[in-house]
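Annotation source Swiss-Prot lists signal peptide at 1-23, citing sequence analysis. According to Swiss-Prot, the N-linked glycosylation site annotation covers 101, 137. As annotated by Swiss-Prot, phosphotyrosine applies to 303, with the evidence given as similarity to another entry.
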């Protein structure tokens, strides 16, 4: 009798779930593709000499409870205000003070979508890459919101992500994926197919051009200080590349990053700051290498089970040639989407918390140590 119940238990709680899992795998139409080897390279080649691996130890939190997932940050020096976009559709303005507790948060403009990338136009307007709306122009101190573009070459944007503004007024931006929306980001990464595009919009001619296509989740964009090229990031590839505007050619800027890049910001002082939404873990690398693991992960996600976890996020400082200088990260940190240096502080946006994270770089400098 004990043997009978033991066998039945084994059948119902082991064999049946296994058979159901196999059936779900076979029937699911999600079809991940093999990806280039850069996506699962085991080594981190871009290792900076200076490391700060306890970012949260000295961190301050700005706008706690008032900034719901502030994804990108733009700083307006004349007014000493930070502009950031939140998940509730609000572009908010935050005053910058020596004390984080003195910061004041203002609901400025609601786009009715999900504002992500933010930049300032040449005439003082605020340009917003809205994940659902497209590229927006906010002018008249927030009184007027205009849609600039939401499609290119007959293909609608699915995930307008980041925008950078050239000195001549041309806007450069990414549609991270023409197939998946913001709520489906994980499936774009797991599918392993290049759905991203780098584009430009000329406000004078109103023409939208596709500069590059077939990018792997095209994310952050930054204009070079000499205005000759852009730096753009491909998140799953762990690399950032240069796009030369006049020559229309591409070359690698930095690769083998310690994490998965999101936004990239130039600080006006010879450095770019690359946000890492998560560190590069062994589990992530294995999943990128083997499509069947990505399919299992995607099926689980459809049923509300997360098999992939994000941790050890941070911000990498590099010079104009892509040489790594310092890395500020923390094992407890995740979903960091933006890093921008304002004065002596590093401000970080994210898609997890209800605040902006700030670190005093003079009080908590990176030190010489191994990554």
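Glycine is no exception: its Cβ is also placed from the backbone N, Cα and C atoms.
Between the alpha carbons (Cα) of residue 137 (N-linked glycosylation site) and residue 303 (phosphotyrosine) lies a span of roughly 38 Å. Residue 303 (phosphotyrosine) and residue 101 (N-linked glycosylation site) are 41 Å apart (CA-CA, integer value). Secondary structure from DSSP puts the residue listed as 'phosphotyrosine' in coil.
Under DSSP, residue 101 (N-linked glycosylation site) is assigned to a helix (H, G or I) in the three-state scheme. The glycosylation sites examined here are 101, 137; by Cβ neighbour count within 10 Å, the least packed of them is 101.
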